[in-house]
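Colleague: Pasting a structure here, questions to come.
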Amino acid sequence: MDTTMEADLGATGHRPRTELDDEDSYPQGGWDTVFLVALLLLGLPANGLMAWLAGSQARHGAGTRLALLLLSLALSDFLFLAAAAFQILEIRHGGHWPLGTAACRFYYFLWGVSYSSGLFLLAALSLDRCLLALCPHWYPGHRPVRLPLWVCAGVWVLATLFSVPWLVFPEAAVWWYDLVICLDFWDSEELSLRMLEVLGGFLPFLLLLVCHVLTQATACRTCHRQQQPAACRGFARVARTILSAYVVLRLPYQLAQLLYLAFLWDVYSGYLLWEALVYSDYLILLNSCLSPFLCLMASADLRTLLRSVLSSFAAALCEERPGSFTPTEPQTQLDSEGPTLPEPMAEAQSQMDPVAQPQVNPTLQPRSDPTAQPQLNPTAQPQSDPTAQPQLNLMAQPQSDSVAQPQADTNVQTPAPAASSVPSPCDEASPTPSSHPTPGALEDPATPPASEGESPSSTPPEAAPGAGPT
């Protein structure tokens, strides 16, 4: 605004704006910043959680009408609180706008879309409840099933179209010396656009107020005659809570808008009413912050869903703690390997039948030597190495059958039928002692074939899978 236009408007008693003429008289300060920051820190996560809960409920098909309403309302409140971040930035700079014209237009457009969508959505909800209360027999049968989806989509489209002027007219310009402010309308188009803003906001609010009063009066008159279903009572309780809070906290802003339009060209009254608009806008922010908590208090389904989500999250956190995890499987594998057994015996033992594993004597395993195992204790040899039991009995049949076979029958009862049921290792090793002229050479400890017969290298790879019963 140049000085010539300002002088002409000052001479006629009209001014383009009535907010501020001096940087020192800026009414908003530190307490406003603290209040707005507290609302943002409380309201943004709450509305985000409400949108996620309502989206999950609508995705699973539970309470679709209420879920779509709460999802749209939570998104509207979230955007309205996000637009307040620009207001905090402006307050911190003492009314100076440091972001330029593009950010100024985006700020007013975001504010207009979020404010109009919430207002139109609650007006449609109030009208729907009023028709349901006044025509309880006719309206439910004639209402389309997809009406909530159509209403929510139409509300967002209408709010976007209604906020298009805020993408065109706002501008960041020098107002007082080097003070740059973000103005929504200038003098030439302010009156017409202010009237559009007031009518576009006041008429839906008036429809909401009238329908809400009629619905509450009808509900009080018919509540003693008939009992509603639990789902209808829950939806009515949530809608009543939201609409009542909206009427109480947004009515001052609508009244301040009407008075501001009436005294638009009055300097002092316009300035006071501008301050009234600013602080009544804080009430709208408070309503957007409290709306998720009011919905949770009024809806039992949302409280149950929130408790289940929080309990699942707490259980996941407890599982991720280092002290709560005990690796049971690796400990079982370490115990089953047996540190005192040689490596080929451990492989053969892991492939045996679990029925024969508990019969191994753990006290005799550390003393068993693979090279001198037949001399230490021939009777305990089938227990320490069940895979080599058929070979010892076949190769040393003339000398050790009379001693080792009865003891193997009395001490070890289960491996005997297991060895007889798998004849493949015994049948393959049976021609070997018949080819040697001296079968007693196996009892000599200095002979290399005896040590090779018990050593890991003499065990064929194909004999390990057939060592135990399958």
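Yeah, the Cβs are placed from backbone N, Cα and C, and that goes for glycine too.
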Colleague: Look up the topology recorded in Swiss-Prot and say whether Thr33 and Ile88 end up on a common side of the membrane.
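Modeller: Topology check (Swiss-Prot): Thr33 vs Ile88, same domain name.
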Colleague: Which of these links to Cys104 by a disulfide bond in Swiss-Prot: Cys182, Cys211, Cys220?
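Modeller: That record, Swiss-Prot, gives the partner as Cys182.
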Colleague: Provide the three-state DSSP residue tally for the topological domain 'Extracellular' (87-105): helix first, then strand, then coil.
Modeller: 11 helix, 0 strand, 8 coil
Colleague: How do the residues of the topological domain 'Cytoplasmic' (127-148) split into helix, strand and coil according to DSSP?
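Modeller: Tallied per class, the topological domain 'Cytoplasmic' (127-148) gives 14 helix, 0 strand, 8 coil.
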Colleague: Count the CB pairs under 8 A between the transmembrane segment (195-215) and each of 34-54, 66-86, 106-126, 149-169, then give me the winner.
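Modeller: Ranked by Cβ pairs under 8 Å, first place goes to 106-126.
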Colleague: State the residues, same chain only, that lie 6 or more residues beyond the ends of the transmembrane segment (106-126) and have a CB under 8 A from a CB inside it; answer 'none' if no residue qualifies.
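Modeller: The answer is 69, 72-73, 75-77, 79-80, 82-83, 86, 151-152, 155-156, 158-160, 162-163, 166-167, 170, 182, 184, 200-201, 204-205, 207-208, 211-212, 215, 239, 242-243, 246, 250, 284, 288.
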Colleague: For the topological domain 'Cytoplasmic' (127-148), what's the model's average pLDDT?
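Modeller: Averaged over the topological domain 'Cytoplasmic' (127-148), the predicted model reaches a pLDDT of 82.
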